[in-house]
Amino acid sequence: MMEVTFLPISVLGIILNLFVLVVFCLHKKACTAPEIYLSNLAAADFLLMCRFPFEVLVLANDYMSSAICKLISTIIYMNTSCSCGFLVLVSIDHYLALVHPLSHERLRRPICAKLGCVLVWTLGFLLNVDVIVYFKAVRDPENNVTECSSVYPSRSHDVLFSVLYSTFTFFLPLCIMSFCTVSILHVLRNRVTESSNTQKVEHRATTLVLAVLLVFVICWLPGQIARVLHLFLLYTTKDECLVKLLRLIRVFSFFLGIFNNALNPILYVFLSAEKLRNYSSSAEHKQQPQDTLPHIQQTQRKQGAPRTSPNQVKKPRRAEVNYCPDYPTGQSQESLEEDRVALLSEVTKRNNQQVVKEKMEKTFAYRRHEVIEDRPFIGEFKKRWPALFFEHEVEAEFKRITTAPLRSKFMQQLDHHSAKLMTIFKRKGGAAGRKIRNIMADLAKNDAIEMRRACVLKALMVYLNEDPEDLIKEYTDVEDNQEAMDQTVLGIFAIKRDGAELTDGLEDVGIIIEGVEVLHELDNIANAVAILFGLMYSLDLSYPTNLTYTFEVLQKLVMELDGKKLSTKAQVLKNKLFEGTF
């Protein structure tokens, strides 16, 4: 009996799809578009799998009636159609996430996903109205069993239903999925990357994208071929052996289709969703996926935990005046999310800085809640808030948080203290003193203000027994050092031409956080340090443990933020700096 043969695979499919449904039901956060598609896919596959145990029970007890026949057949045809429809939606979502990660984000909103799912369920029902009308229980006197069969009024009606069903459940989905797959592969293939880690990620993503399409073709194409042959031979031949052989082929092809429904949770939920999400998070950057890098944040929000009120989150610790403010009056998380999505298109327009500034100001509280409560990876956050990663917006965000200007005060204070700091540094002895003198020797060749600031900052790190190379990475060739840059958790990269003199300046200066190049073309090292300091406030990042004293001095002595509580090292430096006792 065919139904008994399918029982093992149906039980496996029921377990896997039920597990997926339970996970999504217990997921307290609002579902994203991919999660909505996958949960509906699991629901369609679950209903389809439940049909087999039910049909075995019916046939074993000879309970088959026309009503039960229509119910079972509707479950089969409708949920098969819907399952293919949800596979198409998942493919389109992957396409939008990887090929158009910013410009088409509106189409990946949960409301669009819900409307898409309603459309699939509706079309799935309408496409199979014929099943409800023409499928009936037919008695087979030769074998003394009651079978569920289609009884169409004419051959043309049978052909029309088969053509429509095959078109909307296989050929049209295949065309759409093929287009999405080819487009994704084109993006992956044309992405220039030198990092071996990045290449591995892209290879895994490519393999998964191809596997999704190949599994769909392998599992469903034989059934479509068998359907066409059966339809043709049914009305053209009376060879019983050929008809029986074709029935066996249809049974095998049907098994492949059912196996695909059982395989969907593994292929889409447990493997594809997370891997493709990781790659799409880094689609705008040449770096490895976020899960292979240490996370700078000290605490990670528990998955699925609901957002808390501002009074329940941790308190400011670095003189933040507006640490986690309430949403503006009359605004909700949903309305501010719409403003965030609108920002994605505004940030791509020319001469639009004022509009971007206003929207960034409006969404400030929403962004702070996301930073503090969700603890997002930098790659994901940069994708959601690209406008923040411009110099002027980092300054604006820093001022919203602390009410203090960033670069102007940083440079003014650094220049104000430079002469006295250099005097203090010269009195340092031992190995640290020698390192400081080597750094300061560069000023004899280039006494420009940018060089002076960079030397003071590097010497400050050495004076505090910290290594400036832990923060400032100097390279002459980007390609040869791409992997090292990809592995950088937090740092500033300075690119200088091989053989360049000190007076030639730097070709590029940028900032890397969690392997993501978040800013570049920052002109000089001091400017990069100031912007990085602002980003650490904007993203609520902890100071690196190997540079704790450096950032403490920058915060409390240079920027004068919460300067009353100092470590011993910072207090000693402050005494020398302000009292002149060295």
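We count from 1, first residue shown onward.
For all residues, glycine too, the Cβ spot is worked out from N, Cα and C.
Taken verbatim from TrEMBL:
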- 289-312: compositional bias 'Polar residues' (COMPBIAS)
- 16-268: domain 'G-protein coupled receptors family 1 profile' (DOMAIN)
- 281-336: region 'Disordered' (REGION)
- 6-24: transmembrane segment (TRANSMEM)
- 36-54: transmembrane segment (TRANSMEM)
- 74-99: transmembrane segment (TRANSMEM)
- 111-135: transmembrane segment (TRANSMEM)
- 163-188: transmembrane segment (TRANSMEM)
- 208-229: transmembrane segment (TRANSMEM)
- 249-271: transmembrane segment (TRANSMEM)
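The transmembrane segment (249-271) makes contact with the transmembrane segment (6-24), as judged by at least three Cβ pairs under 8 Å among residues 6 or more apart in sequence.
Tertiary neighbourhood of the transmembrane segment (36-54): same-chain residues 3, 6-7, 10-11, 13-14, 17-18, 20-21, 24, 72, 75-76, 79-80, 82-83, 86-87, 89-90, 93, 110, 113-114, 116-117, 120-121, 258, 261-262, 264-265, 268-269, 273, selected by CB-CB distance under 8 Å and a gap of 6+ residues from either end. With a cut-off of 8 Å between Cβ atoms, the residues of this chain six or more beyond the transmembrane segment (6-24) that come close are 31, 35, 38-39, 42-43, 45-46, 48-53, 56, 255, 258-259, 261-262, 264-266, 269. Only residues 6 or more beyond the boundaries of the transmembrane segment (74-99), in the same chain, are considered here, and those with a CB under 8 A from a CB of the stretch are 33-34, 37-38, 40-41, 44-45, 47-48, 50-51, 105, 107-108, 113, 116-117, 120-121, 123-125, 127-128, 131-132, 135, 165, 168-170, 173, 176-177, 179-181, 183-184, 187-188, 205, 209, 212, 216, 220, 257, 261, 264, 268, 272, 276-277, 279-280, 283.
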